[in-house]
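J.: Annotation source TrEMBL lists domain 'Plant heme peroxidase family profile' at 49-337. If you look up TrEMBL, you'll see 59-138, 92-97, 144-333, 222-246 marked as disulfide bond. Per TrEMBL, site 'Transition state stabilizer' is recorded for 86. Marked as active site, proton acceptor by TrEMBL: 90. Annotation comment: TrEMBL describes 91, 94, 96, 98, 100, 112 as Ca(2+) 1 binding site. For 184, the entry in TrEMBL reads substrate binding site. Among the features that TrEMBL reports, heme b binding site is placed at 215. For 257, 260, 265, the entry in TrEMBL reads Ca(2+) 2 binding site.
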(Lines of atoms letter the chains of each structure in order from A and count residues from 1; the text may use other names and numbers.)
(Lines give C-alpha, C1' and ligand atoms only; values in the text may rest on other atoms or scores of the structure.)
Protein backbone atom coordinates (compact mmCIF):
# COMPACT_ATOMS: atom_id res chain seq x y z
CA UNK A 1 0.00 0.00 0.00
CA UNK A 2 1.41 3.37 -1.02
CA UNK A 3 0.15 6.37 0.89
CA UNK A 4 1.57 9.85 0.67
CA UNK A 5 4.49 10.20 3.04
CA UNK A 6 6.15 7.39 4.91
CA UNK A 7 5.53 3.97 3.39
CA UNK A 8 6.19 0.66 5.12
CA UNK A 9 5.89 -2.27 2.79
CA UNK A 10 6.25 -5.83 4.04
CA UNK A 11 6.62 -7.00 0.46
CA UNK A 12 9.66 -5.00 -0.61
CA UNK A 13 10.97 -4.07 2.84
CA UNK A 14 11.43 -0.43 1.98
CA UNK A 15 10.71 2.83 3.72
CA UNK A 16 10.33 6.02 1.71
CA UNK A 17 9.32 9.57 2.50
CA UNK A 18 8.22 12.39 0.26
CA UNK A 19 9.49 15.70 1.60
CA UNK A 20 7.25 18.71 1.78
CA UNK A 21 7.51 22.32 3.03
CA UNK A 22 9.88 25.12 2.16
CA UNK A 23 12.46 22.89 0.52
CA UNK A 24 10.13 20.27 -0.96
CA UNK A 25 10.38 21.55 -4.52
CA UNK A 26 13.94 20.26 -4.74
CA UNK A 27 13.43 17.17 -2.67
CA UNK A 28 12.96 13.88 -4.53
CA UNK A 29 11.51 10.67 -3.22
CA UNK A 30 14.25 8.47 -1.78
CA UNK A 31 14.08 4.86 -0.73
CA UNK A 32 16.28 3.16 1.82
CA UNK A 33 16.22 -0.50 2.68
CA UNK A 34 14.20 -1.10 5.78
CA UNK A 35 15.99 -4.18 7.03
CA UNK A 36 17.97 -2.11 9.50
CA UNK A 37 14.86 -0.12 10.41
CA UNK A 38 12.76 -3.21 10.93
CA UNK A 39 15.20 -5.36 12.86
CA UNK A 40 16.65 -2.57 14.99
CA UNK A 41 13.62 -0.41 15.55
CA UNK A 42 10.49 -2.54 15.56
CA UNK A 43 9.71 -5.10 18.23
CA UNK A 44 9.05 -8.57 16.78
CA UNK A 45 5.38 -8.48 17.82
CA UNK A 46 4.91 -5.09 16.21
CA UNK A 47 6.65 -6.25 13.03
CA UNK A 48 4.38 -9.28 12.91
CA UNK A 49 1.00 -7.57 13.31
CA UNK A 50 1.23 -3.78 12.96
CA UNK A 51 0.63 -2.76 9.39
CA UNK A 52 -0.46 0.22 7.35
CA UNK A 53 -4.14 -0.06 6.50
CA UNK A 54 -4.87 -2.53 9.30
CA UNK A 55 -8.55 -1.47 9.36
CA UNK A 56 -9.04 -1.39 5.58
CA UNK A 57 -11.54 -4.27 5.76
CA UNK A 58 -12.76 -4.28 9.35
CA UNK A 59 -13.42 -0.53 9.52
CA UNK A 60 -12.64 1.15 6.17
CA UNK A 61 -13.50 4.64 7.42
CA UNK A 62 -11.44 4.41 10.62
CA UNK A 63 -8.64 6.76 9.60
CA UNK A 64 -10.95 9.23 7.89
CA UNK A 65 -13.20 9.39 10.96
CA UNK A 66 -10.25 10.24 13.21
CA UNK A 67 -8.92 12.74 10.68
CA UNK A 68 -12.31 14.48 10.48
CA UNK A 69 -12.64 14.78 14.25
CA UNK A 70 -9.11 16.16 14.60
CA UNK A 71 -9.52 18.60 11.71
CA UNK A 72 -12.81 19.87 13.12
CA UNK A 73 -11.16 20.67 16.46
CA UNK A 74 -8.01 22.10 14.86
CA UNK A 75 -10.08 24.75 13.09
CA UNK A 76 -10.92 26.29 16.45
CA UNK A 77 -7.86 25.28 18.47
CA UNK A 78 -4.48 24.98 16.76
CA UNK A 79 -2.82 24.07 20.05
CA UNK A 80 -4.12 20.50 19.81
CA UNK A 81 -1.02 19.49 17.86
CA UNK A 82 1.14 20.15 20.89
CA UNK A 83 -1.44 18.39 23.07
CA UNK A 84 -1.42 15.21 20.98
CA UNK A 85 2.36 15.11 20.64
CA UNK A 86 2.60 15.30 24.41
CA UNK A 87 -0.14 12.72 24.88
CA UNK A 88 1.49 10.15 22.61
CA UNK A 89 4.92 10.66 24.13
CA UNK A 90 3.59 10.34 27.68
CA UNK A 91 1.65 7.21 26.76
CA UNK A 92 4.34 5.41 24.77
CA UNK A 93 7.15 6.08 27.26
CA UNK A 94 5.24 4.35 30.08
CA UNK A 95 4.84 0.62 29.37
CA UNK A 96 4.48 1.25 25.65
CA UNK A 97 1.84 2.67 23.32
CA UNK A 98 -1.22 1.05 24.88
CA UNK A 99 -3.49 4.00 25.78
CA UNK A 100 -2.92 3.36 29.49
CA UNK A 101 -2.64 7.13 29.94
CA UNK A 102 -6.30 7.56 28.97
CA UNK A 103 -7.70 5.59 31.91
CA UNK A 104 -9.51 7.79 34.43
CA UNK A 105 -8.61 7.42 38.11
CA UNK A 106 -11.30 6.05 40.41
CA UNK A 107 -11.67 6.12 44.18
CA UNK A 108 -9.06 3.76 45.54
CA UNK A 109 -7.70 3.12 42.05
CA UNK A 110 -5.39 5.87 40.77
CA UNK A 111 -4.10 5.78 37.20
CA UNK A 112 -1.24 7.23 35.15
CA UNK A 113 -3.45 10.27 34.58
CA UNK A 114 -3.23 10.99 38.34
CA UNK A 115 0.49 11.77 38.35
CA UNK A 116 2.14 15.20 38.29
CA UNK A 117 3.92 14.78 34.91
CA UNK A 118 0.57 13.99 33.29
CA UNK A 119 -1.42 16.78 34.93
CA UNK A 120 -0.96 19.04 31.91
CA UNK A 121 -1.80 16.41 29.29
CA UNK A 122 -5.02 17.37 27.53
CA UNK A 123 -7.09 16.51 24.48
CA UNK A 124 -8.83 13.50 25.99
CA UNK A 125 -12.25 14.75 24.91
CA UNK A 126 -11.13 14.69 21.25
CA UNK A 127 -10.12 11.05 21.62
CA UNK A 128 -13.51 10.41 23.24
CA UNK A 129 -15.35 11.94 20.27
CA UNK A 130 -13.34 9.92 17.75
CA UNK A 131 -14.02 6.76 19.75
CA UNK A 132 -17.75 7.55 19.92
CA UNK A 133 -17.96 7.85 16.15
CA UNK A 134 -15.82 4.76 15.59
CA UNK A 135 -17.94 2.67 17.92
CA UNK A 136 -21.03 3.75 16.00
CA UNK A 137 -19.43 2.78 12.69
CA UNK A 138 -17.43 -0.29 13.75
CA UNK A 139 -18.16 -1.48 17.31
CA UNK A 140 -15.20 -2.84 19.32
CA UNK A 141 -12.84 -2.71 16.35
CA UNK A 142 -10.51 0.32 16.56
CA UNK A 143 -8.29 0.60 19.63
CA UNK A 144 -7.81 3.73 21.68
CA UNK A 145 -4.05 3.30 21.24
CA UNK A 146 -4.46 3.55 17.46
CA UNK A 147 -6.73 6.58 17.82
CA UNK A 148 -3.97 8.40 19.75
CA UNK A 149 -1.43 7.48 17.05
CA UNK A 150 -3.67 8.56 14.19
CA UNK A 151 -4.77 11.78 15.91
CA UNK A 152 -1.16 12.77 16.55
CA UNK A 153 -0.20 12.06 12.93
CA UNK A 154 -3.15 14.05 11.59
CA UNK A 155 -2.58 17.02 13.90
CA UNK A 156 1.08 17.23 12.86
CA UNK A 157 0.08 17.45 9.20
CA UNK A 158 -2.54 20.11 9.97
CA UNK A 159 0.16 22.19 11.70
CA UNK A 160 2.27 22.26 8.55
CA UNK A 161 4.34 19.22 9.44
CA UNK A 162 4.97 16.15 7.30
CA UNK A 163 2.18 13.92 6.00
CA UNK A 164 2.92 10.24 6.45
CA UNK A 165 1.26 6.89 6.96
CA UNK A 166 1.41 5.00 10.24
CA UNK A 167 1.02 1.27 10.87
CA UNK A 168 -1.97 0.35 13.00
CA UNK A 169 -3.20 -2.74 14.81
CA UNK A 170 -2.37 -1.81 18.41
CA UNK A 171 -4.52 -3.05 21.24
CA UNK A 172 -5.31 -1.33 24.52
CA UNK A 173 -3.52 -2.12 27.77
CA UNK A 174 -5.05 -3.60 30.90
CA UNK A 175 -2.90 -1.69 33.40
CA UNK A 176 -2.62 1.99 34.33
CA UNK A 177 -0.55 2.49 37.46
CA UNK A 178 0.87 5.86 38.56
CA UNK A 179 3.92 4.06 39.94
CA UNK A 180 4.95 3.17 36.38
CA UNK A 181 5.30 6.83 35.36
CA UNK A 182 8.91 7.97 35.07
CA UNK A 183 9.06 10.76 32.52
CA UNK A 184 11.87 13.26 31.90
CA UNK A 185 11.63 16.79 33.27
CA UNK A 186 12.66 19.99 31.47
CA UNK A 187 16.06 20.16 33.18
CA UNK A 188 17.13 16.56 32.55
CA UNK A 189 20.78 16.35 31.41
CA UNK A 190 21.34 15.30 27.80
CA UNK A 191 23.22 12.17 28.90
CA UNK A 192 20.33 11.08 31.11
CA UNK A 193 17.83 11.79 28.34
CA UNK A 194 19.87 9.67 25.93
CA UNK A 195 19.74 6.78 28.40
CA UNK A 196 16.00 7.19 28.93
CA UNK A 197 15.32 7.09 25.19
CA UNK A 198 17.70 4.16 24.71
CA UNK A 199 15.70 2.18 27.26
CA UNK A 200 12.75 2.53 24.88
CA UNK A 201 14.74 1.47 21.83
CA UNK A 202 15.23 5.04 20.60
CA UNK A 203 18.62 6.45 19.64
CA UNK A 204 20.18 9.89 20.11
CA UNK A 205 18.96 11.13 16.74
CA UNK A 206 15.42 10.08 17.64
CA UNK A 207 15.70 11.94 20.94
CA UNK A 208 16.81 15.23 19.36
CA UNK A 209 14.15 14.88 16.68
CA UNK A 210 11.27 14.15 19.04
CA UNK A 211 12.19 16.69 21.72
CA UNK A 212 12.82 19.51 19.25
CA UNK A 213 9.92 18.57 17.00
CA UNK A 214 7.59 18.17 19.95
CA UNK A 215 8.63 21.57 21.27
CA UNK A 216 8.26 23.28 17.88
CA UNK A 217 4.66 23.86 18.99
CA UNK A 218 3.22 24.36 22.45
CA UNK A 219 4.01 26.39 25.54
CA UNK A 220 5.74 26.11 28.91
CA UNK A 221 4.91 27.70 32.26
CA UNK A 222 7.49 30.11 33.65
CA UNK A 223 8.03 27.81 36.62
CA UNK A 224 9.57 25.26 34.24
CA UNK A 225 12.36 27.49 32.95
CA UNK A 226 13.33 29.73 35.85
CA UNK A 227 16.89 28.41 35.55
CA UNK A 228 17.14 29.79 32.02
CA UNK A 229 16.23 33.29 33.19
CA UNK A 230 19.44 33.43 35.19
CA UNK A 231 21.56 31.94 32.40
CA UNK A 232 24.06 34.54 31.20
CA UNK A 233 24.33 32.80 27.83
CA UNK A 234 20.64 33.22 26.97
CA UNK A 235 19.97 35.70 24.17
CA UNK A 236 19.51 39.03 26.02
CA UNK A 237 16.37 40.37 24.34
CA UNK A 238 14.50 37.10 24.82
CA UNK A 239 15.63 36.83 28.41
CA UNK A 240 14.47 40.36 29.13
CA UNK A 241 11.09 39.69 27.51
CA UNK A 242 10.61 36.46 29.44
CA UNK A 243 11.56 38.09 32.74
CA UNK A 244 8.85 40.69 32.23
CA UNK A 245 6.27 38.08 31.33
CA UNK A 246 7.21 35.79 34.21
CA UNK A 247 6.96 38.60 36.75
CA UNK A 248 3.18 38.43 36.34
CA UNK A 249 1.14 36.31 38.75
CA UNK A 250 -0.39 32.87 38.10
CA UNK A 251 2.65 31.29 36.43
CA UNK A 252 2.23 32.57 32.83
CA UNK A 253 3.13 30.56 29.75
CA UNK A 254 5.27 31.32 26.73
CA UNK A 255 5.76 29.64 23.37
CA UNK A 256 8.64 27.17 23.25
CA UNK A 257 9.31 28.21 19.65
CA UNK A 258 9.19 31.99 19.52
CA UNK A 259 9.50 32.08 15.74
CA UNK A 260 6.82 29.76 14.26
CA UNK A 261 4.78 28.93 17.34
CA UNK A 262 1.97 26.93 15.70
CA UNK A 263 3.96 25.27 12.89
CA UNK A 264 5.76 21.93 13.08
CA UNK A 265 9.04 22.82 11.39
CA UNK A 266 12.76 23.19 12.02
CA UNK A 267 12.67 26.78 13.30
CA UNK A 268 13.21 25.79 16.92
CA UNK A 269 16.61 24.33 16.06
CA UNK A 270 17.72 27.69 14.68
CA UNK A 271 16.44 29.31 17.86
CA UNK A 272 18.47 26.86 19.93
CA UNK A 273 21.61 27.70 17.96
CA UNK A 274 21.04 31.38 18.81
CA UNK A 275 20.72 30.65 22.55
CA UNK A 276 16.96 31.14 22.37
CA UNK A 277 15.93 27.73 23.67
CA UNK A 278 13.30 28.20 26.39
CA UNK A 279 13.71 24.94 28.29
CA UNK A 280 17.06 23.82 29.66
CA UNK A 281 16.87 20.48 27.84
CA UNK A 282 16.21 22.23 24.52
CA UNK A 283 19.17 24.57 24.86
CA UNK A 284 21.46 21.79 26.06
CA UNK A 285 20.76 19.83 22.87
CA UNK A 286 22.57 22.61 21.03
CA UNK A 287 25.49 22.63 23.45
CA UNK A 288 26.22 18.97 24.12
CA UNK A 289 28.80 17.41 21.79
CA UNK A 290 26.65 14.32 21.27
CA UNK A 291 23.67 16.30 19.97
CA UNK A 292 24.84 19.69 18.70
CA UNK A 293 25.62 18.37 15.23
CA UNK A 294 22.11 16.99 14.87
CA UNK A 295 20.66 20.34 15.94
CA UNK A 296 22.79 22.15 13.35
CA UNK A 297 21.73 19.73 10.64
CA UNK A 298 18.05 20.31 11.33
CA UNK A 299 18.52 24.07 11.65
CA UNK A 300 19.87 24.16 8.11
CA UNK A 301 17.37 21.77 6.49
CA UNK A 302 13.64 21.67 7.08
CA UNK A 303 13.38 18.80 4.59
CA UNK A 304 15.76 16.70 6.66
CA UNK A 305 13.86 17.51 9.84
CA UNK A 306 10.48 16.64 8.30
CA UNK A 307 11.73 13.32 7.02
CA UNK A 308 13.27 12.27 10.31
CA UNK A 309 10.44 13.61 12.44
CA UNK A 310 7.98 11.41 10.55
CA UNK A 311 10.30 8.42 10.94
CA UNK A 312 10.82 9.08 14.65
CA UNK A 313 7.08 9.37 15.31
CA UNK A 314 6.43 6.09 13.50
CA UNK A 315 9.22 4.44 15.46
CA UNK A 316 7.99 5.78 18.80
CA UNK A 317 4.55 4.45 17.96
CA UNK A 318 5.88 0.89 17.96
CA UNK A 319 7.25 0.93 21.52
CA UNK A 320 6.10 -2.22 23.37
CA UNK A 321 2.79 -2.36 21.54
CA UNK A 322 0.15 -4.99 22.25
CA UNK A 323 -1.14 -6.85 19.20
CA UNK A 324 -3.04 -10.00 18.30
CA UNK A 325 -4.91 -11.33 21.31
CA UNK A 326 -3.01 -9.26 23.88
CA UNK A 327 -4.85 -6.52 25.74
CA UNK A 328 -8.31 -5.49 24.58
CA UNK A 329 -10.26 -3.09 22.37
CA UNK A 330 -11.88 -0.69 24.83
CA UNK A 331 -15.44 0.44 24.29
CA UNK A 332 -14.66 3.60 26.25
CA UNK A 333 -11.09 4.88 26.20
CA UNK A 334 -11.34 6.10 29.80
CA UNK A 335 -12.18 2.74 31.41
CA UNK A 336 -11.17 -0.89 31.06
CA UNK A 337 -13.87 -3.14 29.63
CA UNK A 338 -14.07 -5.19 32.82
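Backbone N, Cα and C define each Cβ position, glycine as well.
Show me how these features fit into the structure around them.
T.: When averaged over the domain 'Plant heme peroxidase family profile' (49-337), pLDDT in the model lands at 97.
Same-chain residues at least 6 positions away in sequence with a Cβ under 8 Å from that of residue 59 (disulfide bond) are, in sequence order, 134, 137, 138, 141, 142.
Sequence-distant contacts (6 or more apart, same chain, Cβ under 8 Å) of residue 86 (site 'Transition state stabilizer') comprise 120, 121, 214, 218.
The 10 Å shell around the Cβ of residue 90 (active site, proton acceptor) contains 20 further Cβ atoms across the protein chains shown.
Annotation for residue 98 (Ca(2+) 1 binding site): spatial neighbours 91, 145, 170, 171, 172, 173, 320, 321, 322, 327, criterion Cβ-Cβ under 8 Å with sequence separation of six or more.
Every protein chain shown contributes to the tally, and the Cβ of residue 97 (disulfide bond) ends up with 28 other Cβ atoms within 10 Å.
Contacts of residue 144 (disulfide bond) defined by a Cβ separation under 8 A and a same-chain sequence distance of 6+ are given as 99, 102, 127, 131, 172, 330, 333, in order along the sequence.
Taking a C-beta cut-off of under 8 Å and a sequence gap of six or more, residue 184 (substrate binding site) has these contacts in its own chain: 192, 193, 196, 281.
Neighbour list (residue 215 (heme b binding site), Cβ cut-off 8 Å, at least 6 residues apart, same chain): 256, 257, 268, 278, 279, 282.
Long-range Cβ proximity for residue 222 (disulfide bond), meaning a same-chain Cβ under 8 A and a gap of 6 or more residues, is found for 242, 245, 246, 251, 252, 253, 254.
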J.: Please report the Cα separation of residue 92 (disulfide bond) and residue 260 (Ca(2+) 2 binding site) in Å, rounded to an integer.
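T.: A Cα-Cα distance of 27 Å.
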J.: Could you tell me which of these binding-site residues, 100, 260, has the fewest other Cβ atoms within 10 Å of its Cβ?
T.: 260
